[in-house]
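What follows is a set of notes on a single structure, which appears directly below.
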């Protein structure tokens, strides 16, 4: 303890002194009076639920249409300038991203513009976040593209003898139909989950899982964009090992790369990379980030049109952007059975990304978002949007940061951004028909930088949690090679298994006392902490249930070094030695412990089950062992009490209760008391429901705290010593009477 004596500085020590009884469970219950609770009948609850009042109607409207709450309270003078600047900044970024993410979704670019317009307007009415930017997102777009390419591959045969151009248009039309079907189904799933208040499902997508998944998605997006950057013609792959096939296909065709396309792409790539570094370095001085993507689109379009890159150098361009909005159309519901797995994955991932960013920005600005309403809002955006030929949308991380960072206060900024997209759709779309696809590819790749930076999570999780590192790596690897849909399913299963593993393999500690205090700490962690002679204090930091009850029992015996079976075996061995010495073979066959007439054995330690009810055997503590046999016993620590610290146990199931009853019985057979300390009311209720206290004496084993249990053990031992030193009573007493459990 040298470290405790070095550099000691005299300080005023604050102390507290409390005098109270030792609180066993019965003693504490005598001091407490349960409050009377007014229980409502089912009829009263139904009446209250269906009673219509103006306040209830207003709250329902506020809940399902959040705009009715914040729009009347809009502070025009304070908010309008920020929303105006933010809307313009977000809109000029949303234009190139909408065109680029349509390429990921394997649909014509104009559908990216539709997806940047309709959902944003609808989210303004139904969403609860004031700052996130709704619209196409790289990961979701890639998942949509994977389904579209799987059902409508590049080499599909279009009947009717069409030429190459018409064949491409027919293929794209089929892919749009698939994208609409997936979008509708994912929207229905999100809406139903929101109505059923299933917003909590996002908690199963832990941060390591989401970050590993989005990192793998970034690799998928990167490989998908390579062919546009190099200007090569390759087949688009989806499904298992698609990232490998796509990379190999690009490398095999690299000899056919379009130098002009690569040059334009690299020029834009360098401009964006340097410009983003400039924006980051001088963000405090700039009134708004420089809209680099918009400048890249304008520059790329100007160069392409000026030098006629498409005709002269075969550079692939965006192509025709038809003006005007398409009329509503019904998605093909007959495809649902082919895309339901993808729709579920898209619905969950889209919601997870949205609620994560929404909560981050809400915490920063001091308001709350409703996860269930966010599900409903996304469901409406996707399901109704699919009628207008949009594909699945989510929260865009980069646009959300721009919308918030440029002073956006409400979703009116998003509405303004969508109006800029509407202007392009209705009037100016033809200006961007010469935009090289390599420019859009460079824009997408540069925006993946943040996701690729997530590889830095690995050393962090290596230092902090190997389990979270395992989740990150398994999610990344499975999503990378199995595809994003099956990779996500695999990742969720792995994450749930880690939850089971954490509860099945918790940490077990033997506690000791900090001298002259009521503080009990892990004896392996601190030198000052000492074990109390004759008492073992054992702690678990998890619930006790069917998956870990046997492990808990084994850990107790291993960590404390007190195994009742070994003690019983040592006593039998001592009796045999004593019998051999005195020459009385009958002693060797005598039972060591008898419980209510039953010889100690396997049947005496198991609860009986009759008529589906568990019958626990009465617990009798054998506190004595003949002194003449002690010299034949091995020299070990004399443990008379084991205290189970239940302060970190939040529940115990029927299997755990049975295991606990067996433990109390087994240790009682060898003269060791088992006390339970710090049980929560929930654990006490679990024990009561599972009839652990069928023997009322067992309630004396429960104590309010570890210190109460320690003091109770000391009192019991002192009383036992007094009884042992007292003169024997004058009346006759049966010599082999079985002692009963003394009151603690």
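Every residue, even glycine, has its Cβ placed from backbone N, Cα and C.
Taken verbatim from Swiss-Prot:
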| type | residues | note |
| --- | --- | --- |
| BINDING | 398 | salicylate binding site |
| CARBOHYD | 163 | N-linked glycosylation site |
| CARBOHYD | 166 | N-linked glycosylation site |
| INTRAMEM | 244-252 | intramembrane segment |
| REGION | 505-718 | region 'Extended region for STAS domain' |
| REGION | 717-744 | region 'Disordered' |
| MOTIF | 158-168 | motif 'Involved in motor function' |
| TOPO_DOM | 1-79 | topological domain 'Cytoplasmic' |
| TOPO_DOM | 126-137 | topological domain 'Cytoplasmic' |
| TOPO_DOM | 197-208 | topological domain 'Cytoplasmic' |
| TOPO_DOM | 283-291 | topological domain 'Cytoplasmic' |
| TOPO_DOM | 362-370 | topological domain 'Cytoplasmic' |
| TOPO_DOM | 407-410 | topological domain 'Cytoplasmic' |
| TOPO_DOM | 456-469 | topological domain 'Cytoplasmic' |
| TOPO_DOM | 498-744 | topological domain 'Cytoplasmic' |
| TRANSMEM | 80-105 | transmembrane segment |
| TRANSMEM | 110-125 | transmembrane segment |
| TRANSMEM | 138-147 | transmembrane segment |
| TRANSMEM | 179-196 | transmembrane segment |
| TRANSMEM | 209-230 | transmembrane segment |
| TRANSMEM | 259-282 | transmembrane segment |
| TRANSMEM | 338-361 | transmembrane segment |
| TRANSMEM | 371-388 | transmembrane segment |
| TRANSMEM | 411-429 | transmembrane segment |
| TRANSMEM | 437-455 | transmembrane segment |
| TRANSMEM | 470-484 | transmembrane segment |
| TRANSMEM | 486-497 | transmembrane segment |
Enumerate same-chain residues with a sequence separation of six or more from residue 398 (salicylate binding site) and a Cβ-Cβ distance below 8 A; give 'none' if the list is empty.
93, 97, 447, 450
Could you check whether the transmembrane segment (209-230) and the transmembrane segment (486-497) come into contact, where contact means at least 3 Cβ pairs under 8 Å with the two residues of each pair 6 or more apart in sequence?
yes
In this predicted model, what is the average pLDDT of the topological domain 'Cytoplasmic' (1-79)?
77
Need the DSSP three-state call for the residue listed as 'salicylate binding site' to compare against my parser.
helix
Is it true that the transmembrane segment (179-196) and the transmembrane segment (338-361) have 3 or more Cβ pairs under 8 Å, skipping pairs fewer than 6 apart in sequence?
yes
So which of 110-125, 138-147, 259-282, 411-429, 470-484 is most in touch with the transmembrane segment (338-361), counting Cβ pairs under 8 Å?
138-147
What parts of the chain pack near the intramembrane segment (244-252), using Cβ distances under 8 Å and only residues at least 6 beyond its ends?
223-224, 226-227, 230, 232, 234-237, 481
Ranked first among 80-105, 138-147, 411-429, 437-455 for CB pairs under 8 angstroms with the transmembrane segment (259-282):
437-455
Residues of the parent chain within Cβ reach of the topological domain 'Cytoplasmic' (126-137), under 8 Å, 6 or more residues beyond its termini:
64-67, 70, 90, 94, 97-98, 101-102, 105, 112, 115-116, 119-120, 350, 353-354, 357-358, 361-362, 365, 367-370, 373-374, 376-377, 380-381, 391, 393-397, 399-400, 402-404, 408-411, 414, 417
Taking a Cβ cut-off under 8 Å, which residues six or more beyond the ends of the topological domain 'Cytoplasmic' (362-370) line up next to it in the same chain?
63, 128-131, 199, 355, 404
DSSP residue counts for the topological domain 'Cytoplasmic' (362-370), split into helix, strand and coil:
4 helix, 0 strand, 5 coil
